[in-house]
Amino acid sequence: MKIIVFGAGAWGTAMALSAAAHPAGHAVTLWARDGRQADAMQAARQNARYLPGIAFPAALALASGAPSGALASCRADLAIVATPMSGLRGMLEELRDATIPVAWLCKGFEAVPAGGETAAQGLMAHEICSQVAPRLRAGALSGPSFALEAAQGRPTALVAASRDAHVRELLVEAFHGPTLRVYANEDIVGVEVGGAVKNVLAIATGLCDGLDLGTNARAALITRGLAEMSRLGLALGARAETFMGLSGLGDLVLTATGDLSRNRRVGLALARGLTLDQAVESLGHVAEGVYSARTVVRRAGQLGVDMPIAREVVALLDGRSTASDAVARLMGRSPAAELRSC
């Protein structure tokens, strides 16, 4: 199979490496928007910026330039979009006439700026695709995964999500191998809600750990956060069982507890007294939870879904609250039944 990965960040590079190492002998092209980055990776045969020290196999080619031109030149059977959420709309617009399946790796909602939004903001990835490239056969590859571990060939499990059975099957064929298990799921709404909400919740657990509130508090945040994720997903049309799977519980546990989690590290930084800008700058990478948190809370409000943890995260990010005030409000809420539908 011929595969092209658009986006040479950590995760795009990791997935290109995984595909290039597949026993089936895939021919893989890793595309970088910056031609200088592509040249540097070609010369060093590694991505020194995002995954230093991990060598590129001979089966991995490099490309840059116009995405449509790169797609045509490599004659790919499958295109993977590995941009952040902020770049997904533009990339799908460039690939809107592609005749091969396209899948994205980003997790989140389009960002809604403080104080407003436009009709082009606040959507999940599959909604963006339906809006700008409705003819694409498309899906998502998601689940609990840190780029470094996947690139190192450590055991990882992901979910190939699409309403199109052919897309699911092609993603499994492309990536399922000795170190990467890929499960198929037609519930793309549930998979994308899980991938978005877990980032917001990981900021909360980072704050919890940074404030040394204890493991009891962390367990409570993860569990009640999973309830918030499930309520929003069900209201958006997802299946309940999806949230007990890799893209729900699995991704939440990893992102909320793992030291490589960017969103958790934002929470840790805020707990140390850094401003949001300082916390984001210290990462050097995108933390999607910072940008999609407002959308999560807005869509929950539109649907009448109660998400108190996510709401407190947004108040903190917007500078309208402090961590201690957020804890006091969450603990001071009226008693409620553990299991409820909204």
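Along the chain as shown, the residues are counted starting at 1.
Glycine is no exception: its Cβ is also placed from the backbone N, Cα and C atoms.
In three-state terms derived from DSSP, K198 (active site, proton acceptor) belongs to a helical segment. For K198, the entry in Swiss-Prot reads active site, proton acceptor, with the evidence type sequence analysis.
Around the Cβ of R262 (NADPH binding site), a 10 Å sphere holds 23 further Cβ atoms from the protein chains shown. Taken from Swiss-Prot, the feature NADPH binding site applies to W11, R33, K107, A147, R262, V286, E288, supported by sequence analysis.
Sequence-distant contacts of N263 (sn-glycerol 3-phosphate binding site), defined by Cβ-Cβ distance under 8 angstroms and a gap of at least six in the same chain, are N199, V200, A202, I203, G206, T255, A287, E288, G289, V290. According to DSSP, N263 (sn-glycerol 3-phosphate binding site) is assigned to a helical segment. Residues or ranges marked as sn-glycerol 3-phosphate binding site by Swiss-Prot: K107, G143, S145, K198, D251, S261, R262, N263.
Site extent for sn-glycerol 3-phosphate: the farthest pair of Cα atoms among K107, G143, S145, K198, D251, S261, R262, N263 sits 15 Å apart. Cβ packing within 10 Å was compared across the binding-site residues R33, K107, and the lowest neighbour count falls to R33.
Sequence-distant contacts of G143 (sn-glycerol 3-phosphate binding site), defined by Cβ-Cβ distance under 8 angstroms and a gap of at least six in the same chain, are T156, A157, L158, V159, L246, S247, G250, D251.
Under the three-state DSSP scheme, W11 (NADPH binding site) falls in the helix class. Only K107, from the binding-site residues R33, K107, S145, A147, R262, place their Cα within 10 Å of the Cα belonging to K198 (active site, proton acceptor).
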